[in-house]
Amino acid sequence: MELLWLLLLLLMASSTSSRSEMKAGEVIRRSQFPEDFFFGTASSAYQYEGAVREGGRGPSIWDTFTHNHPEKIANGSNGDIAIDSYHRYKEDVGIMKGLGLNAYRFSVSWPRILPNGKLSGGVNLEGIKYYNNLIDELISKGVEPFVTLFHWDSPQALEQQYGGFLSNLIVEDFRDYADICFREFGDRVKYWITFNEPWSFSIGGYSNGILAPGRCSSQGKSGCSKGDSGREPYIVAHNQLLAHAAVVQIYREKYQGGQKGKIGIAIVSNWMIPYEDSKEDKHATKRALDFMYGWFMDPLTKGDYPVSMRTLVGNRLPRFTKEQSKAINGSFDFIGLNYYTARYIQGTKQDSNSHKSYSTDSLTNERVERNGTDIGPKAGSSWLYIYPKGIEELLLYTKRTYNNPTIYITENGVDEVNNENLSLKEALIDTTRIEFYRQHLFHVQRALRQGVDVRGYFAWSLFDNFEWMDGYSVRFGINYIDYKDGLKRYPKRSSQWLQNFLHN
């Protein structure tokens, strides 16, 4: 395997060296993509909807986390109101249509459908009505709905009852919830995504504690009162994969034949680059990809976790039964790929004295600079360095490693710091974002030309919104939200650029 990986790296290096970068002023056009290619924006329920105590919605773990631990969120903010898309969805869909977008990715709030998390606790008909109205509005405006079933906001009731995704009891409850969604919305929804970024939910929620439910080992820096960073992330990821497979099975058996839809999962990965041209760093780079991307892609395409994870994590990594492995292998019609940034990777030695943790298990060290130069321009968020070529490299890696699956880029975007000293006119000038999308679309188009089966691209995001631990301190939107004046929406220059792109 190691020899194959080294040969792959050499092949990628040779192909990369022959590639030209996008030239300044070079134009990327909609006409360079297939006619049936989807262009949309992505969102999630907790970040957009607000109305957390309206319409029969039950509490989610994010309601609990933001209110119990405001110190973990920038400015102690929360998503109680967010950008109020619950009440303003018609206005928002109108903005999409005006831009010329033909798709919209949003998530259903599990506790808005099942306030107590379980079927036995009752179905919230108001929640079903809201999503029916949103779906109908999208379709009436020619916008294809891509619906995510889980974007991190699991019901607080299940967290209290059995620990949420730490328990395999979640599989049956998630299946029941998904079954309702397929039954109620599947006649119009043709693209389903089971989970958004199971890596982020597992790591942020259970390894470093920066996301809900905020668990990690006490040795960490995040001040967690409960958790085990060496075990819980692997358990939670495992249960998400089992729940995903169970939901895909029920969709294929009960609904897909009649509804003619597709189902997949959205996986996030950084692109990884060896820090030095050494055997150690090249092997470490493969391990880094395994521990972020292969952790989910290997089970989905091969039925088991990467060998590197089995070797290094040992008995802390759960095992699939033969039946589970068979159910997970091939349990997708498409892969959603979320890409934002890249990292240099160094190999490290095993420290027998260190506490077991996901962050050290891969024996890798991430770097954002080499020889005093950053890997790319730094964006608003501390973790986001702009590296456009990485999206092409990750797509080509997926084609070579995982048998060229159908892919939708389900998230790609960049943020700026929310600078309250800027005037509204100044805040709408986002040339960095225009260049970000221009460069990334250029590299997606290059991947297409090299045979990658990419069929859509979703920008993150249509609007500025609640950005998890960053709260409202950063802005990812192509449209500006005025948090001081009734959440009014204003198009940034990137919105106008995207509109022009879609009409060329």
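Each Cβ is built from the backbone N, Cα and C atoms, and glycine gets one as well.
Per Swiss-Prot, the candidate among E91, E392, E411 that belongs to the beta-D-glucoside site alongside Q47, H151, N196, E197, Y340, W460, E467, W468, F476 is E411. For the pair Y340 (beta-D-glucoside binding site) and E411 (active site, nucleophile), the C-alpha distance works out to 8 angstrom. Considering only the recorded positions N75, E197, N329, N371, the residue whose Cα is spatially closest to the Cα of W460 (beta-D-glucoside binding site) is E197. Its own atom aside, the Cβ of Y340 (beta-D-glucoside binding site) has 26 Cβ atoms within 10 angstroms in the protein chains shown. If you take the Cα of N371 (N-linked glycosylation site) and the Cα of E411 (active site, nucleophile), they are about 30 angstrom apart, rounded to a whole number.
Summarising the beta-D-glucoside site geometry, the residues cited as binding it (Q47, H151, N196, E197, Y340, E411, W460, E467, W468, F476) extend over a maximum Cα to Cα distance of 18 Å. Comparing CA positions across the recorded positions Q47, E197, E411, W468, the one lying closest to N75 (N-linked glycosylation site) turns out to be W468. The most crowded of the recorded positions listed here (Q47, N196, N329, N371, N421) is Q47, judged by how many other CB atoms sit within 10 Å of its own CB. Same-chain residues with CB within 8 A of the center of the Q47, H151, N196, E197, Y340, E411, W460, E467, W468, F476 CB atoms, the beta-D-glucoside site residues themselves not counted, are A42, S44, N338, S461.
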